[in-house]
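*Asks:* Straight out of TrEMBL:
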| type | residues | note |
| --- | --- | --- |
| DOMAIN | A:128-422 | domain 'NADH:quinone oxidoreductase/Mrp antiporter transmembrane' |
| TRANSMEM | A:15-31 | transmembrane segment |
| TRANSMEM | A:38-57 | transmembrane segment |
| TRANSMEM | A:77-97 | transmembrane segment |
| TRANSMEM | A:109-128 | transmembrane segment |
| TRANSMEM | A:165-187 | transmembrane segment |
| TRANSMEM | A:207-230 | transmembrane segment |
| TRANSMEM | A:272-294 | transmembrane segment |
| TRANSMEM | A:301-320 | transmembrane segment |
| TRANSMEM | A:326-349 | transmembrane segment |
| TRANSMEM | A:372-394 | transmembrane segment |
| TRANSMEM | A:406-427 | transmembrane segment |
| TRANSMEM | A:448-468 | transmembrane segment |
Amino acid sequence: MDWSQSLRLIAPEETLSVAGLILLLVAAWAGDKAARAISIAAVAALVAAMALVAPALCNGAMGPETAAFGGQMRADAFASFAKLLIYGSAAVALVVAPSFFDRVRAMRAEYPVLVLFAAVGTGMMVSAGDFLTLYIGLEMNSLASYVLAAFLRSDDRSAEAGLKYFVLGALASGILLFGISLTYGFTGTTSFAGVHAALGGGLNTGMVFGIVFVLAGIAFKIAAVPFHMWTPDVYEGAPTPVTLFFATAPKVGAMGMLMRVAIVAFGSAAGAWQQIVIFAAVASIVIGALGAIGQRNIKRLLAYSSINNVGFILIGLAIATPQGSAAMLTYLAIYVAMTVGSFVVVLALRDHNGAPVEDLADMAGLSTTNRLLAWVMLVLMFSLAGVPPMFGFWGKFVVFQAAVDAGFMPLATIGIAASVIGAFYYLKVVKVMFFDEPAGKVGRESELVHSALLIGTSLFLSPLGYLLTKWLGGLTGHAAAALYHFA
Amino acid sequence: MSGFPILTLMLLVPLAGAVGCLVSGDKAARQIALVATLIDLALGAVLWAQFQIGGPQWQFVEHVPLFAGFSWALGIDGIALLLILLSVFLMPICIGASWEAVTKRVGEYYAAFLLMETLMIGVFAAQDLYLFYIMFEAGLIPMYLIIGIWGGQDRIYASYKFFLYTLLGSVLMLIAMLWMAHEAGTTDIPTLMAYDFAPAAQTWLFLAFFASFAVKMPMWPVHTWLPDAHVQAPTAGSVILAGVLLKMGGYGFIRFSLPMFPEASAQFSGLVFALSMIAVVVTSLIALVQHDMKKLIAYSSVAHMAIVTIGLFAFNVQGLEGSMIVMLSHGLVSGALFLCVGIIYDRLHTREIDRYGGLSINMPRYALFFLLFTMASIGLPGTSGFVGEFLSLGGIYQVSSWVALVCTTGIILGAAYMLYLYRRVAFGDQKHADAAAMTDLTPRELAMVVPLALAVLWMGVYPESFLAPMRADIAALDARVARAKPAGDAKVTPGKPVVHAEEHGAAHAEHGAAPEGAH
């Protein structure tokens, strides 16, 4: 494999890194005045990177010709699918940020740069073909994220979120590194393909420990139970555009990384991790649903909702089939749309002075004061609950279909029965908006960006989304096939 | 049959109307809703006229492979045709019932109802397993909003209970559907109806579907969401709940449980009978002591639905036909009764039975129609209720005399609670001045009750109009389940051959005595 081809394969990462570095210099010299211009440039870079990754997905790229630098990075259809979601949600996080930060005069030039670097790191996580690449990508994303969580320097909650995220994230990285070192010690390699081959020859206790620690470290990053406790605090404390980013891009990245590690690196020892994933899946669904019931803050509620959704996605992993992986990707794509939509609603919820409204009680009677917002939120909530005919149902449907087809009937039954618990708190949000007397807290003025994003996501999540199922199914099928075709 | 997609059009008209209602003012929304439902009613009439009795089993078939894993497949047989007709017939009446009663958020209200209509027709017309599921489940959303926004005092509790109860029932059905589609390799309902699943698997599949349909039906003891939902829903909501939504459970049994899992259906028929017998007696007795008119009618619905389930699981033609007619009749009659309650509720704003009395004096027309629907609910010959209950009970009598005996007490108890209700509301002294001052039916209200009354009488006097379209389908279903038919205790024997005249004569000659006797 020559260098030029390797460099060509990682063109999206190069674009984003170079753009990030240049914009960093611009930020250093031009200062916060240039924040808007830098944001626009960063969005342009992300869109360019998306254009660069899209062909690999459309062509269904897989196999040896997608491996760069001797297999350290893989630019296959799977990575491409995940990167489209990651770069797309990073771009949204940039687009919605200025109006939020401007109000508290906190729009700084480094925000878009940090988001760019986080996006590069997240993209590397899903492309990694080696534990070291994976770790570098993970840390690149994490370091940028810690700063982003604490971005509102004068806000205690934001500082607390940053600190919590840092301490627990560092702990998770430590656990992950420990697992990687164990795996390396017992298999003699850090490359996924090498580990796959080594584990195929039989498991020993050390290898099992390695697998468990690696999975525990990643479970922190995807916020799966029992490693979920940081999520509500960080989601609540971080500035809302940053929360939007956290709930989408790094989540997709960590999930993609988990899929590649579990299926490629540890794929030959699936029996060793399937039980762990099944437990994490069911526990996430149940605890995510139960935890959300008592929440009064809409961002905390969405945090538990994301834990709940991670549980459903993990069902696709637990069955370890290509169909399951394709279902996970479909779910992820729909999940990203739902999450973007719900956080944009949170951003659009302002009181009459323009201050953000986060209390569920303040949303009372929203349907009479701000109809568009309330109806979009209704679509989002029923979508998140997985009630047909909203498109959110399709994500759950494909995951459960894969589980049933693979013969995991008890898992599917428990999972779907537990989804009814989750429906309760989504219904509560609808009840507050539609049945309660208006609280009159939320103002009427809306922004063009918000409205456009809301209308876009709710059209995608409305029954019209079903028209995309064939197209989405084809893309995720390609991507999942690439994941399994790694030799 | 022309290739015109009339079923899709019937789904799109209310959907377009719903969008129109959302974006228009109060007055326009009412008119849009009425026009949309009347167009659908007209389309329903066309459907009935074009339906070929004795033609192919599935008519008006549409099949567009639009989605991954399932298709936009529609088509109806006689059973679905009748239920669609019931839906489109009741919808304009619902719109009329809300004309003056609903004053807040009118556009959204009618949008929810029109959406409901789309989904109801979709449920009955769907020929794809997943399309059916989506339509079946989606109905929860508009109904949740209707109960929650425009309902009575405890509307929030009732709306939650309605939603979560039915959702929990249905999700298990989805898992069963996924398994069936995987096993049979198709999601086409007609194909699946002829597919033989292994009897061991049928048990589980049946239970999963039963969880959903029993809640929807509703069967005792999972009926408790129904009185709450009915009582709290606005009048039109109750009409549509009792009139059509409950029929989805029965339709599910006819379309899925019986033909797809005949062995399991036979295996569980004892359970169904037991639950139905308890339901008939228990809910009738509960209805007897209600003070709230809507609650009384709600409990009577549970009792009537139990007659439907025993007829369905009788595994014979009478039972199945009877169940269908009970469903249609109950759709009309309970809808009409809720409407009657709504008419006086609009005037006095209470459902308390004691607050009324002697209404036949100041509201004679109202009392007349209320009496007709009361009698139809009891099952008086000449009304629709009689035909269905008679056939159902006749069907079950062939299987088990005991079940027939217990369920027939439902008719006696039904007469008791309905006549008691009628006496307290319409007869007696005019105890309350405000109730005595209520005016008789307005032209709008007459326009709603008269078609219902005519339909009830039509079905009672000449049920053949309604039996003919579904006769072939019921016979096909009966043939399908025949192999699992449980042995009845009736030991039906062929009747004694009629003695012919010549033999008579011979006999007389033989005896040669008492020529003036006999004849």
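Yeah, the Cβs are placed from backbone N, Cα and C, and that goes for glycine too.
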*Asks:* Counting Cβ pairs under 8 Å that sit 6 or more residues apart, are there three or more between the transmembrane segment (A:77-97) and the transmembrane segment (A:372-394)?
*Replies:* no
*Asks:* Take the transmembrane segment (A:15-31) and find every residue of the same chain, 6 or more past its ends, with a Cβ under 8 Å from one of its Cβ atoms.
*Replies:* 37-38, 41-42, 45-46, 48-49, 52, 87, 109-110, 112-113, 116-117, 119-120, 123
*Asks:* Which one, A:109-128, A:165-187, A:207-230, A:372-394, A:406-427, has the most C-beta pairs under 8 Å toward the transmembrane segment (A:38-57)?
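*Replies:* It is A:109-128 that shares the most Cβ pairs under 8 Å with the transmembrane segment (A:38-57).
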*Asks:* Most CB pairs under 8 Å with the transmembrane segment (A:301-320): which of A:165-187, A:207-230, A:372-394, A:406-427?
*Replies:* A:406-427
